[in-house]
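A.B. asks: Pulled from Swiss-Prot, these are the listed features:
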| type | residues | note |
| --- | --- | --- |
| TRANSMEM | 12-32 | transmembrane segment |
| TRANSMEM | 67-87 | transmembrane segment |
| TRANSMEM | 93-113 | transmembrane segment |
| ACT_SITE | 123 | active site |
| TRANSMEM | 137-157 | transmembrane segment |
| ACT_SITE | 141 | active site |
């Protein structure tokens, strides 16, 4: 285990802070400038549209009656804590994993603040084609998804290198 924060993945925590503030500032801008369901068309396939998400990704459990707010709060705190512990235990040189963990932490904490302050998450990024809309999302959601992809990518690369080295031993 690295001895100082400079030697550990915690050195990358600034990414989580940056994601958190970008997410919160963008949501505050939406709350100050949009009415619920109001849209601003930016491109023929892209709007800013203020919606409230009472659930998780893709509005999962959004109509569950309110208990999901506390479930998702516990999940966000739990994952953020776990990833912070893992950051502390790994080397600062593990670029992909440190970036992935801090993206997820920043996104989870950004959405956590919304849940605690408002009881819902502010979503506003709206991609569409004709009349078909992708579920609205926010900067925190984007960071969580990018972080998850990086974690999966790293797992596949780690598995491949272990397989390659195991095959090398067999020869």
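From the backbone N, Cα and C atoms, a Cβ is placed for every residue, glycine too.
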A.B. asks: In whole Å, how far is residue 141 (active site) from residue 123 (active site) when you measure between their Cα atoms?
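C.D. replies: Residue 123 (active site) and residue 141 (active site) have their Cα atoms 9 Å apart.
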A.B. asks: Need the DSSP three-state call for residue 123 (active site) to compare against my parser.
C.D. replies: strand
